[in-house]
Amino acid sequence: MFRLVVALFALAALASAQRHAGLPPPPADPFADPKNDYLNPLRYIANNTLTAISVALVLAVGLAQTFLVIRYKTRWMLAMVIGCYTFALGLALRFGLHSQPRSHGLYIAEYLFVVLSPCAFIAAEYVLLGRLAHFLRADEHLLIRPQRITKVFVLSDLSTFLVQATGGAISASANSVKSNKVGSRVFLVGLILQLISFVVFVCVFGNFLARLRTHAPATWNAKGWKVLLGAMMVSFTGILVRSIYRVIELSQGYAGHLATTESFFYALDTLPLFVAISVFVVFWPGRWITSPEARLGGVEEKESGSVEMGSREGVEEGRQ
C-alpha cells in the first residue's frame with residue numbers, strides 16, 4: 001500500500017509538471033491535434049483495437065496461469081498471475097484515455113498499473129530460480145542462497161523504486177524548470193538502477209548455470225529440465241527489452257518520440273512483456289518442479305550414471 005501511495009504521488013507530480021504557464025490555449029477539440037495538445041499526456045489518441053487485443057491476450061494468459069497454479073499447486077508463482085491481472089487492468093484503462101485523452105487521473109492510473117506490474121513478473125523470476133536450484137539439489141552452486149534470493153532482489157527493487165519516488169517528490173515541489181529537470185533525472189536514475197538490479201540477477205543466473213555444468217555434469221545433462229531453462233531465458237529477454245525501452249523513453253522525456261508514439265509502446269513494452277509471461281503457459285514450471293517440500297525433485301540417478309528429469313506426473317509415477 002505504501003508503494004502504491006508513493007507511486008501515485010510521484011506520477012501525479014510528473015504529470016502536473018507538464019503544465020507550464022504562458023503556453024497558448026490548447027485545441028478546443030482534444031481529438032483534432034493530440035500530438036500538439038499539451039493537456040494530453042499521451043500526445044496521441046489510444047487505439048481501441050490495439051487496446052482490446054492486448055487486454056484480451058494478457059487476460060487470457062492470466063486465466064491460463066490461474067488454472068495452472070491450481071492444477072500443479074504452484075502458489076509460489078502467484079506473483080506472476082497477479083501481475084497479469086494488474087497489467088491487463090492498466091491496459092484496459094486505455095479505453096478511458098481514448099474517450100477522455102486529457103484525463104490526467106486516468107493517465108496516472110494507467111501508467112501506474114502498466115509500469116509497476118512487471119515488478120510482479122520479476123519477483124516471480126526471482127522465486128523461480130531459487131525453486132529450481134533447490135529442486136535440482138544445486139543450492140551450493142548459487143552465489144546467493146535460494147532462501148535469500150527473493151529477499152535480496154525484492155529489497156533492491158524496493159530501493160530503486162524509492163529513488164524514483166524521490167525524483168517525483170522533487171518534481172512536485174519544483175518551482176523552476178531547473179528543479180523539475182533534477183526531479184526527472186533522479187527518476188531516471190531509479191529506473192536505471194532497477195535495470196541494473198535485474199541485470200545482476202541475470203548474471204547470478206548465468207553463473208549458476210556455468211557452475212552447474214562444470215561441477216554437476218550429471219544434473220546438467222538431465223533430460224527435460226532444459227526446456228524450462230529455455231523458457232526462463234525467453235522470459236528474461238522480454239523483461240530486459242522492456243526495461244531498456246523504459247530507460248531510453250524517460251531519458252527522452254515524457255514528450256519524447258518514444259513516449260508519444262503508440263507503436264513503440266506496444267512493440268517494446270507490451271509485446272516483450274506478453275512474451276515473458278505467455279511462455280510459461282506452455283512451459284509451466286510446475287510441470288517440472290515438484291512440491292518444494294520434496295527436495296529430491298525429479299532427478300533420479302541411473303545405474304549408467306546418467307540423470308533424467310521428467311515432468312511432475314512422471315516423477316510421481318516413478319515413485320509408486
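Cβ coordinates are placed from backbone N, Cα and C, and glycine is handled just like the others.
What TrEMBL lists as signal peptide is 1-17. Sequence annotations record features per position, and here TrEMBL assigns transmembrane segment to 45-64, 76-96, 108-129, 149-174, 186-206, 227-245, 265-286. Annotation source TrEMBL lists region 'Disordered' at 299-320.
Touching of the transmembrane segment (76-96) and the transmembrane segment (265-286) is concluded from the presence of at least three CB pairs under 8 A, sequence neighbours closer than 6 excluded.
Sequence-distant neighbours of the transmembrane segment (45-64) (same chain, 6+ residues past either end, Cβ-Cβ under 8 Å): 31, 34, 81, 84-85, 87-88, 91-92, 94-95, 97-98, 101, 262, 266, 270, 274, 277-278, 281.
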